[in-house]
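Asks: Okay, handing you the structure first.
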Amino acid sequence: MFSKFIDRPVLSTVISIIIVILGVLGLISLPVSQYPEIAPPTVTVAANYQGANAEVVMNSVVIPLEEQINGVEDMTYMTSTSNNDGSASISIYFKLGTNPDLAAVNVQNRVSRATSLLPQEVTRAGVTTSKRQSDNILIFSLYSENPDYDDTFLQNYANINILPKIKRVAGVGEAMIFGQKDYSMRIWLKPDVMGAYGLVPSDITALLAEQNIEAAPGQLGENSDQSFQYTLKYKGRLQNIKEFEEIIVRSTENGEILKLGDVARIELGAVNYASDAYTNGNKSIAIAIAQTAGSNAQEVIEGSLKVLNQAELNFPKGVKYATLINANDFLDESITKVIHTLIEAFLLVFIVVFIFLQDWRSTLIPAISVPVAILGTFFFLNLFGFTINLLTLFALVLAVGIVVDDAIVVVEAVHAKMEAGEHNPKKAAHSAMQDISSAIISITLVMSAVFIPVSFISGSAGVFYKQFGLTLAVSIVLSAINALTLSPALCAIFLKEHDKSAKKKGFMERFYTAFNAGFETTTAKYKRSVEFFIKRKWLAFLGIAVFAGILILLLNITPKAFVPGEDTGAILSDVSLPPGTSLQRTEEVLLQIENKVKDIPEIKEVLRISGRSLISGTGSNYGMVIVKLKPWAERKDANQEITAVVAELFKRTAAVKDAKVLYFARPTLVGFGFTNGFEFQLQDQKGGSIQELSEVNNKFLAALNSRPEIKYAATSFSPNYPQYRIDLNVPLIKKSGLTVTDVLGTMQGYYGGVYASNFNKFGKQYRVVYQSDPEFRNNPESLNKVLVRNSSGQMAPISQFVTLVKVFGPQAIDRFNLFTSVKVTGAPNDGFSTGDAIKAVEEVASQNLPVGYGYEFSGMTREEISAGGQTLYIFMLCLIFVYFLLAAQYESYMLPFAVLISLPIGLAGAYLFAYLFNVSNNIYLQITLIMLIGLLAKNAILIVEFSVDSRRKGMTIAQAAIHGAVARLRPILMTSFAFIFGLMPLMLAKGAGAVGNNAIGTGAIGGMLIGTIFGVFVIPVLFIVFQTLQEKISTKPLPIENQGTDVALLDEKNEK
């Protein structure tokens, strides 16, 4: 069938050229991303109840919303946080592949049901629903070296001139400034003056509603016979401090006027003052950008930075920006590294092939097959909707060592025919293709079949397997097409018989002579060794059993992980101080930390933010530090890698007093939280108190941290924040002509603050907030100056109705799937993996958690567990697919076992190398193992296929086995070593993406090396055993042909 391509070389070349052209077109149009869409779509609901504490927010805002949202279509789990600053945030996670737009609409519809159940202050401020990933792909800071520009100015400058444009960039889900320093007209009330005039905070609300309004007076002359028509225009909302100061509070008949400026201090300030940020010691703001689910991260970042660079041209003097986290930095660097590795792999494969084939003409044929298969793959990647990402590029690096195999087999077979006496290259190509076409098809089917089951894996792990596996499978199919069409045609044109009579004096000729002599000696020894094992078959089975035992042992002791952490060039730090610590004290500690670490040579930028935590949300005792490292090119030594820098950071800040400081590298996969370690939620499922949950959590963490697998397991949750409980004397309140609402409303106005109105400035709308001046709310004694008005207009000190009792409570309350929970994050100890840590958590939970308490894993840990449960079934399916394909190929249910039973040798080799080189059993290694099943089966197929043909030509089963093994040794070693040397750059990679490279390279090289070295000895034995069984049980006799000339010639050559 394929002989026609030898006779029609133009047709053969046209097929390959079309494949290349289509591939180039696909390459041009493919988007680039770090990883495919792996993180689950997330919808976030946010609300604010100004002045409320965490428990009030949870009970009055979060719980009503959660009860309505729970069970929304395709939801997997839900988390929420209620804070003492009145903020509430609910994150709903959906199944991978869910339409994020539809998910957001469904959540919004559920939120609408709960609106009537929420406090009026919450609905007035607004409940927002937004679709976004849970991680930020870009964080930059705007800072000022000019003291005239403070952080309030910087935030509002960004809000007016930068953020609106960034939000219009396609794919931006959220552009958020850490902290809320939007402009606000702050009305700082003076309680003593207010009381003297008989005023209470609710009067201010009424005044603003009366005098700070927009109006629509109408028109003069409308619908009349007049010549002109005039629009009536009211000045509208107040716009500046002076106008607010002039608000009339009261006027008398004798002309006396009381103005708002008489009872309050008014300034253009910020919405709140709960956070501060500094970049390299300069006052700043930090802006984080998150993408929408399904968007291209690279395009989102490039579009955002383009806006920022354009805005920089008009920055006020002294204002600059610094990029702290840019996902494209790691993406660009790692993809560049992979492309370099791709080129290096091609050159190494080319060299290995040249050494074996020993002439440029022969080497050129496999060299041509590589770009045809690699470039052609891009067309199908585009067709499948994939992207150019690290997974697809890793697959193509591996493909370089694989796609060359089929072409090598063709060239080597034609060479063998020519050396066996066929002097015409065209006839040799025809004869060779008759012998090996079925083997090439078998190999291609098997190599492709192992990746078919990966299409059934769900979740994030399924995306890894699909993109990696299908990319590799497509390149293998294209290489087979190339080997069956172009390669034999080129052999017929390019190859020519070697002139054996010519004298060989050059270095290369002497090298060839020595190499061939050595290889012939090796082949002779190999033949004797195969004969030895055939006579002692039990040794072969003992060897297989030993390797199977090693495989089982290493499967159990090799540390498990999902996606290993990479050097992403950024380090995150979470800082927490004792409960109740002021923002000023927290800032002092953060400055101390910055001073200790900023002179580390590998650090480029440092951003510190007080009042905010990466893990715990907001609070005066929280802080965070973002450290940007220098480029990878400037950090080439092992002691400059991110793990070494993290260790140095821990060492330098260990002595910081009263602060718990954690450092962790930015996670490799965005969208799964902020850490590379493990994450779970400890749940109170019985509805107990916060204090009980805290006690259970403390005991649980103490037991967990005592485990050797755990480096640390921590939470920022604490119920020991100093607070005051308000006890009301209700009988006295009623007796005085007051209501509870009067008392608490007055306290909220003075102490909590009230968002009472709006004003317009700079083309934007801002809030008007009134609250007591800070000096009037510093301590409990300030209640004595606060007066409340009864229904008769009489004023009374609020302190006579209120008793403050000092208590303790939480700063924030988390919930997970409707249960109050404590979020715990941690990292495995050195020498252990996240899989070991997960197992430790499960064991400690079973031993220590009392009845009524449970736990659930979240974030990347949840995905790791989900992926681990499917891996075994996928491997079994792969083996089943290979078995049935081989059974169909050989028309035998027995003979495929000769291939399958040899596989544990190579798989054990992969795990052995992983163990020796400290590579965890992560998803990269697991994908490599699936690929190895196909590669190792390929070597076995080459021997078994040739042995079956030899048996049909009249040889005994043992002769056929020996003949097949010896005849196929050269192409097996050639393809295997080409693959091994092609992956050496992956195994030895350094810098960005090195961990993934090392995992793939180490596993593949170990499996192929061990599988080839030992497999070639046991496969002939397995063939004899199962071919004998097949012939004994078969009712159909094997068609035996006369022993052909080709076989006789090969036997004669092998005997020599």
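Even glycines carry a Cβ here, placed using N, Cα and C.
Pulled from TrEMBL, these are the listed features:
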type	residues	note
TRANSMEM	12-32	transmembrane segment
TRANSMEM	338-357	transmembrane segment
TRANSMEM	364-384	transmembrane segment
TRANSMEM	390-415	transmembrane segment
TRANSMEM	436-456	transmembrane segment
TRANSMEM	468-495	transmembrane segment
TRANSMEM	538-557	transmembrane segment
TRANSMEM	872-890	transmembrane segment
TRANSMEM	897-917	transmembrane segment
TRANSMEM	923-948	transmembrane segment
TRANSMEM	969-988	transmembrane segment
TRANSMEM	1000-1026	transmembrane segment
Asks: Which sequence positions outside the transmembrane segment (897-917), separated from its termini by at least 6 residues, show Cβ-Cβ distances below 8 Å to it?
Replies: 543-544, 547-548, 550-551, 554-555, 557-558, 879, 882-883, 886, 925, 928-929, 932-933, 935-937, 940-941, 944, 987, 998-999, 1002-1012, 1014-1015, 1018-1019, 1022-1023, 1025-1027
Asks: Going along the chain, which residues at least six beyond the ends of the transmembrane segment (468-495) come within the CB cut-off of under 8 Å?
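Replies: Same-chain contacts beyond the ends: 2, 5-6, 8-9, 11-13, 15-16, 19, 361-362, 364-366, 368-369, 372-374, 376-377, 380-381, 384, 386, 391-392, 394-396, 398-399, 402-407, 409-411, 414-415, 418, 425-426, 428-429, 432-433, 437, 440-441, 443-444, 447-448, 450-451, 454-455, 927, 930-931, 934.
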Asks: Which of 364-384, 390-415, 538-557, 872-890, 923-948 shares the most C-beta pairs under 8 angstroms with the transmembrane segment (1000-1026)?
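Replies: Maximum Cβ contact count belongs to 923-948.
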Asks: Are there residues at least six beyond either end of the transmembrane segment (390-415) with Cβ under 8 Å to its Cβ atoms? List them, or say none.
Replies: 34-36, 334-335, 338-339, 341-342, 345-346, 349, 353, 356-357, 362, 365-370, 373-374, 377, 381, 425, 428-429, 432-433, 435-436, 439-440, 443-444, 447, 464, 467-469, 471-472, 475-476, 478-480, 482-484, 487-488, 491, 495, 924, 928, 931, 935, 938, 942, 970-971, 974-975, 978-983, 985-986, 993, 996-997, 1000, 1004
Asks: Is it true that the transmembrane segment (969-988) and the transmembrane segment (338-357) have 3 or more CB pairs under 8 Å, sequence gap of 6 or more?
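Replies: Yes, the transmembrane segment (969-988) and the transmembrane segment (338-357) are in contact.
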Asks: In terms of Cβ proximity under 8 Å, which residues at least six beyond the ends of the transmembrane segment (12-32) contact it?
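Replies: Tertiary neighbours of the transmembrane segment (12-32) are 5, 296, 298-299, 331, 335, 368, 371-372, 374-383, 386-389, 478, 481-482, 485-486, 488-490.
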